[in-house]
Amino acid sequence: MECIIKLPQRFNKNKSKKNPLRIFDSTVLNHQPDHIPQEFVWPDHEKPSKNVPILQVPVIDLAGFLSNDPLLVSEAERLVSEAAKKHGFFLVTNHGVDERLLSTAHKLMDTFFKSPNYEKLKAQRKVGETTGYASSFVGRFKENLPWKETLSFSFSPTEKSENYSQTVKNYISKTMGDGYKDFGSVYQEYAETMSNLSLKIMELLGMSLGIKREHFREFFEDNESIFRLNYYPKCKQPDLVLGTGPHCDPTSLTILQQDQVSGLQVFVDNQWQSIPPIPQALVVNIGDTLMALTNGIYKSCLHRAVVNGETTRKTLAFFLCPKVDKVVKPPSELEGERAYPDFTWSMFLEFTMKHYRADMNTLEEFTNWLKNKGSF
């Protein structure tokens with residue numbers, strides 16, 4: 001997840017007041033005769049590596065865990081604990097998500113991202129918000145622009161009000177019109193499904209830490225999360241650009257659906273390693289907020305997305321977040337010497353949206369920011 005609106009002074013060298021690019025249009029940029037525009041070229045030490053090794057991540061049989069078979073539960077706890085303590089990434093299979101929903105949600109992305117620019121801009125994200133269409137970060141920065149487009153939605157399982165409104169479906173209908181009715185229905189169902197799945201994974205994470213099974217589930221039952229479609233167009237010089245720059249997710253838990261185009265890389269053991277797509281498996285990773293909730297026991301790891309020279313890559317990401325006023329504090333069983341202060345998700349979200357570009361030090365910089373503000 002990348003959240004960039006405003007940066008501290010020491011990061012403002014990336015701020016662009018007179019960026020000549022108005023919108024990210026990969027079709028136009030790829031047909032320029034000379035080279036990729038400099039705005040999208042990353043520094044040499046951050047450019048994609050060749051011959052990246054494959055990261056060995058455990059595959060968790062979620063159905064086995066949910067069966068309550070003692071042996072299967074114990075094995076799932078062991079695998080997830082080992083991964084979460086080292087790098088925070090693992091795969092889940094037999095997760096119960098309908099294959100037709102996964103397939104339809106992936107295919108429907110083209111309905112939006114292959115639309116004319118004027119159509120996509122109907123949903124343009126407003127400054128300071130997490131919802132809407134973002135065209136790289138054109139117009140906001142002049143360096144290290146990601147080679148991607150995104151469409152993001154806010155979601156909460158408690159969002160149904162007296163008139164049974166549904167935020168994902170209604171947002172799409174309001175911004176894009178009735179022609180996107182099926183589009184909205186599918187992604188509303190997708191967000192609801194991933195929210196439910198994330199709560200099951202939270203049960204596993206809680207048990208693997210030796211705390212009550214329901215502790216994290218109950219903490220996130222009224223979550224206020226973010227659901228995002230990531231569209232990484234092919235690039236004629238993929239060795240110069242990044243689809244998403246190196247960062248740790250500031251959120252709690254990410255569930256990522258990859259397509260069959262590899263692109264996810266994680267920085268482990270001082271090198272970039274890839275997590276190639278596995279059919280029907282979903283990638284799960286720990287975010288900064290969950291790292292704070294576990295008092296630093298489980299890790300949020302640096303990762304990035306690279307792009308392909310031959311084909312477009314599409315992913316769907318559900319970022320589980322607490323209700324904005326929930327206090328992020330480890331359970332008593334994990335407290336000991338505190339690694340991070342108490343904070344609310346709204347405070348951390350404000351920091352990542354207004355003050356800091358997410359990277360590997362976001363949580364530490366946030367802690368320092370709180371100290372300087374005298375918030376604790």
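Including glycine, each Cβ sits where the backbone N, Cα and C put it.
Swiss-Prot lists H247, D249 as binding Fe cation, and of H303, H355 the one it places in that same site is H303. Summarising the environment of H247 (Fe cation binding site), the number of other Cβ atoms within 10 Å of its Cβ, over all protein chains shown, is 23. Residue pair H247 (Fe cation binding site) / R313 (active site) shows a Cα separation of 19 Å. Here the domain 'Fe2OG dioxygenase' (222-322) has a mean pLDDT of 96 out of 100.
Here the CA atom of R313 (active site) lies 16 Å from the CA atom of H303 (Fe cation binding site). Of the listed recorded positions, namely H303, R313, the sparsest CB environment within 10 A is found at R313. A Cα-Cα distance of 20 Å separates R313 (active site) from D249 (Fe cation binding site).
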